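*Asks:* Below you will find the structure I want to go over with you.
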Amino acid sequence: MTVWLLIGFLLPVAIFAAPPINRLALFPDKSAWCEAKNITQIVGHSGCESKSIQNRACLGQCFSYSVPNTFPQSTESLVHCDSCMPIDSVWDVVTLECPGNEEFPRVDKLVEKILQCSCQACGKELSQEGAMFNVYLNTAEETLSPAETLGHHHHRPPAREEDSPAQSQREGESEE
């Protein structure tokens, strides 16, 4: 009986400890692990030539558990979930060539380059939209609409001689 009282008291204390959890009392010989592993990533886009880049992927085994509940509920639900995910990353622009596409001969793809991984609470993900928006704020090539910052960016070909003088002047002003 005292063992169950002890477990009933210590289990909630252990459960509500600051995440991530590296060891569980029920499995003292097992520990969580998460690391960034080198990979070759293929970046592609329809109608464009793919590129191979060096990147990292998060790989590991993190703890999650759910303790049976009671009704009526006497304590908060005892559920915990950790996942191996990036804790440090940068966004790079990878430019793909699109031969045969005169309107958009190149496409920029944003790629998350993972630097470091660890066990983090499930659902805790970095804001991809905010990170992508910052990448485009720091590039001075073109002004983009918010919709363009959420996926890929098309490069328009340089102005040709047959373009109108007003169009050529506008493009010249945007480069200065």
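Heads up, the Cβ atoms here are built off N, Cα and C, so glycines get one too.
The signal peptide feature in Swiss-Prot is assigned to 1-17; the stated evidence is sequence analysis. Residues or ranges marked as domain 'CTCK' by Swiss-Prot: 34-123. The annotation disulfide bond is assigned in Swiss-Prot to CYS34-CYS84, CYS48-CYS98, CYS58-CYS117, CYS62-CYS119, CYS81-CYS122. Here Swiss-Prot flags 148-176 as region 'Disordered'.
On this model, are these features tucked inside or out on the surface, and what's nearby?
*Replies:* Per-class residue totals from DSSP over the domain 'CTCK' (34-123), listed helix then strand then coil: 0 helix, 59 strand, 31 coil.
Long-range C-beta contacts of CYS84 (disulfide bond), restricted to its own chain and to partners at least six residues apart, with a cutoff below 8 Å, comprise CYS34, GLU35, CYS58, LEU59, GLY60, GLN61, CYS62, CYS117, SER118, CYS119, GLN120.
Listed in sequence order, LEU96, GLU97, CYS98, ASN101, ARG106, VAL107 are the same-chain residues at least 6 apart in sequence whose CB falls under 8 Å from the CB of CYS48 (disulfide bond).
For CYS62 (disulfide bond), the number of other Cβ atoms no farther than 10 Å from its own Cβ, over all displayed protein chains, is 23.
Within the same chain, residues at least six positions away from CYS122 (disulfide bond) with a Cβ under 8 Å of its Cβ are SER64, CYS81, ASP82, SER83.
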*Asks:* Take the Cβ of CYS58 (disulfide bond) and count every other Cβ within 10 Å, whichever protein chain it belongs to.
*Replies:* 21
